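Chemist: Here you go, one structure.
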Amino acid sequence: MATSSLELLARSWRQQAMPLHHSLSILRPKVLTEFLSCEVVHSRIHFHRIPYACKKVPCMYQRSVRCSSSAAVETPVTSASAPVNSGGSDPGAPTWRASLDFKWIRENRDAIAQNIQNRNSSADVDLVVQLYDKSISVGHEVEKLRTERNRVANAMKGKLDPGKRQELIEEGKRLKDALTDLEADLSLLSEQLQREGQKIPNMTHPQVAVGSEAAATVHKMVGSKREFDFPVKNHVELGESLELMDFEAAAEVSGTKFYYLKNEGMLLELALVNWALSELVKRGFVPYSTPDLVRSSVIEKCGFQPRGSNTQVYSVEGTDLCLAGTAEILLGGLYMDQILSEKQLPLKLVAFSHCFRTEAGAAGSATRGLYRVHQFSKLEMFVICKPEDSERFHEELISIEEELFSSLGLHFKILDMPTEDLGAPAYRKYDFEAWMPGLDRYGEISSASNCTDYQSRRLSIRYRPTDDIILPTGKKGKAPLQFAHTLNATAVAVPRMIVSILENFQQSDGSILIPKVLQPYMSGRELICRKSN
């Protein structure tokens with residue numbers, strides 16, 4: 001029997017697609033059972049843009065999915081944690097899906113391309129759009145083949161002469177083989193689309209300066225530099241003379257960029273954490289302590305690269321676990337794959353954690369001592385809120401940090417960081433840099449980032465609005481789910497706070513004046529003095 005037109009169309013597409021396959025150097029995986037988030041054989045997928053009050057914060061909007069009786073294919077939207085390649089042969093295939101709105105990406109291609117360029121990112125939005133358009137095209141062809149196969153199956157239900165039945169059987173087999181091949185190609189496209197789509201960074205606040213770290217703008221200066229009438233020492237000299245830290249023993253035991261804190265040095269660490277924690281609990285933050293190990297997939301969903309060549313993450317060999325670099329990842333993972341109610345928002349969390357970073361390539365006198373280390377303690381704030389509230393909570397986090405550092409008596413500046421200094425998740429980021437007289441420069445002690453819906457789309461953190469909506473039928477219905485926004489800010493990064501305190505409050509006799517707010521947490525001590533022999 002002659003080959004059907006749909007088979008020829010499928011073969012034609014496969015021949016056209018081969019250069020794309022080779023150019024991406026991807027091995028074709030086994031057939032997967034799922035590509036779209038909704039079966040398309042007998043369904044129509046309607047997409048409705050979710051109302052979004054804060055138009056100043058552009059996002060890759062999610063759309064709600066509803067099904068009716070006829071077939072069509074459009075924007076693939078899937079759970080952020082749904083497995084993509086469960087047993088496929090491509091080892092480089094993504095292991096989870098981000099709920100990216102590829103139609104929105106296509107419609108805003110130019111703006112996204114400019115944003116990628118401004119951030120000096122390696123993402124390729126043109127390739128993403130190409131893959132998306134191809135997946136839509138192939139999805140339609142898959143649907144046509146399924147319709148044709150169903151037609152053949154239905155035709156065989158009636159009374160037929162043996163010759164006609166055999167003819168339909170052979171046609172059904174050919175359609176099945178063609179459909180299997182085309183579904184495999186669709187699965188391959190799905191993996192490629194996810195892989196490339198996940199590389200696209202968040203959009204950027206329009207007021208953020210374009211350029212490298214040197215283009216940062218000063219948002220605010222707080223306090224002034226202290227004038228010394230004696231030679232200033234750095235924190236390493238002070239810490240060793242006062243027996244607060246030991247770098248040599250740590251190097252023997254653990255390696256360079258590790259340290260022991262002892263005596264008042266260790267007490268100062270606990271004082272900083274307990275003081276800041278008590279202040280944040282008063283402001284409604286729920287306190288947590290977090291695990292030190294985290295799955296690499298959760299790190300990826302938060303926008304970090306645990307396995308890349310330039311990673312700052314320690315991986316545990318033979319497992320999918322990594323040492324956590326920040327509690328932000330653990331707090332985001334805490335609500336992964338959850339649907340919250342609007343009444344639960346905002347969620348204000350604060351976590352004490354140990355942080356581990358490779359600090360690859362860091363060298364020089366400015367990184368000596370406690371300033372840049374492989375392990376440190378940190379108190380991190382994390383907020384999950386509605387989209388229209390995220391800029392307000394960003395300002396609140398910045399205000400909290402300013403109050404904390406001011407009450408310690410530090411001189412610092414707040415910087416609005418430029419595009420190339422933003423990590424992939426951040427829509428806008430402010431850095432806090434304190435004056436460190438021993439190092440004779442400003443050093444970063446904290447940051448505060450608004451990540452909008454970048455992380456929640458990957459972690460699948462959604463909420464159900466309280467207010468009902470009016471359906472086309474005129475009846476009331478539940479509002480579609482929306483992706484929450486996430487924000488993070490450091491309340492205390494212990495080592496650099498110790499650097500700032502030792503260097504700014506050193507006295508002429510080599511002692512250290514303890515900031516008043518910390519004295520109750522250090523058994524009332526006012527000074528750190530030399531130990532008597």
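The backbone N, Cα and C atoms fix where each Cβ goes, glycine too.
Just so you know, TrEMBL annotations never went through curation; they're auto-generated.
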Chemist: What range among 130-164, 165-199 does TrEMBL record as coiled coil?
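Modeler: My reading of TrEMBL: the coiled coil range is 165-199.
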Chemist: Filter the binding-site residues Glu359, Glu380, Ile445, Ser447 down to the ones within 10 angstroms of Thr490 (site 'Important for serine binding'), Cα to Cα, kept in sequence order.
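Modeler: Matched binding-site residues: Glu380, Ile445, Ser447, sequence order.
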Chemist: To see if you understand the setup: which same-chain residues, six or more apart in sequence, place their Cβ under 8 Å from that of Ile445 (ATP binding site)?
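Modeler: Ile445 (ATP binding site) has long-range Cβ partners Phe405, Leu410, Phe412, Phe432, Glu433, Ala434, Thr490, Ala493, Arg496, Met497, Ser500.
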Chemist: Out of these recorded positions, Ser447, Thr490, which one has the fewest other C-beta atoms within 10 Å of its own C-beta?
Modeler: Ser447
Chemist: Please determine which of the binding-site residues listed here (Glu359, Glu380) has the lowest count of neighbouring CB atoms within 10 Å.
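Modeler: Comparing Cβ neighbours within 10 Å for the binding-site residues Glu359, Glu380, Glu359 has the fewest.
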Chemist: Roughly how many angstrom lie between the C-alpha atoms of Glu380 (L-serine binding site) and Glu359 (ATP binding site)?
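Modeler: That comes out at 19 Å between the alpha carbons.
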Chemist: Would you list the other residues of this chain near L-serine - those whose C-beta lies within 8 angstroms of the C-beta centroid of Thr326, Arg357, Glu380, Asn488 - in sequence order?
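Modeler: Near the L-serine site, the remaining chain residues are Gly325, Ala327, Glu328, Ile329, Ser353, Cys355, Lys378, Thr490.
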Chemist: If I take the alpha carbons of His374 (ATP binding site) and Arg357 (L-serine binding site), what is the distance between them in whole Å?
Modeler: 5
